[in-house]
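Record features (TrEMBL):
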{"type": "DOMAIN", "residues": "8-160", "note": "domain 'Phosphoribosyltransferase'"}
{"type": "MOTIF", "residues": "101-113", "note": "motif 'PRPP-binding'"}
Amino acid sequence: MSPHEKAQIMDADAIRRALTRIAHEILEKNQGTKDLVLVGIRRRGVPLARKIAQTIKEIEGTSVPLGILDITLYRDDLSQLGYQPLVRKTEVPFDITGKKVILVDDVLYTGRTVRAALDALIDLGRPKLIQLAVLIDRGHRELPIRADFVGKNVPTSRKEEISVSVQEIDGVDRVAIIERKT
Ligand SMILES: O=P(O)(O)OC[C@H]1O[C@H](OP(=O)(O)OP(=O)(O)O)[C@H](O)[C@@H]1O
Ligand SMILES: O=c1cc[nH]c(=O)[nH]1
């Protein structure tokens, strides 16, 4: 049966405020922009990372480099793990060695995408540290991964899904909970 939307949990203003807060928290935790770089996970982590970079520029007057990791989840029928993330492309046109890398994604769920992103980043260089910023943490981790910066914690059941829409891809900024009917 088709999934249906249960509730909208963030509108454009709520997303903007959460990203502004995250930008301030990143600056506070890292004492400014020195050695800071942002890396967004495609697809929706990228416009979110861009907005955080814009806000940092407005606050500090400094442009922070922005890279992209393209990671796709594909169903792995041979594995008990259900699905596996595949790193398709890395567009990080700067050296991350010695940098403070802020990884940005829209939803943190099992943690598998972030694990693949960490592997890809470590293949690219030796960052000083890696921190994780997500718009939504919906729980159900299957790996020991946690976010340093969270827009909103949303307790969910496994039957539910979080749908993040962003202006650049979907024409609107919003977050909704979707229920999969079985
Ligand atoms: O913690 P995990 O279980 O790995 O799940 C989180 C990932 O799932 C989503 O990607 P999706 O494949 O839905 O693509 P999207 O970014 O285009 O929405 C989301 O963007 C995260 O990258
Ligand atoms: O609910 C979920 C889980 C993973 N990725 C999403 O975008 N939503």
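Backbone N, Cα and C define each Cβ position, glycine as well.
The structure displayed is predicted, hence computed values, not measured ones.
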Here the mean pLDDT of the motif 'PRPP-binding' (101-113) is 96
Checked against DSSP, the composition of the motif 'PRPP-binding' (101-113) is 2 helix, 8 strand, 3 coil
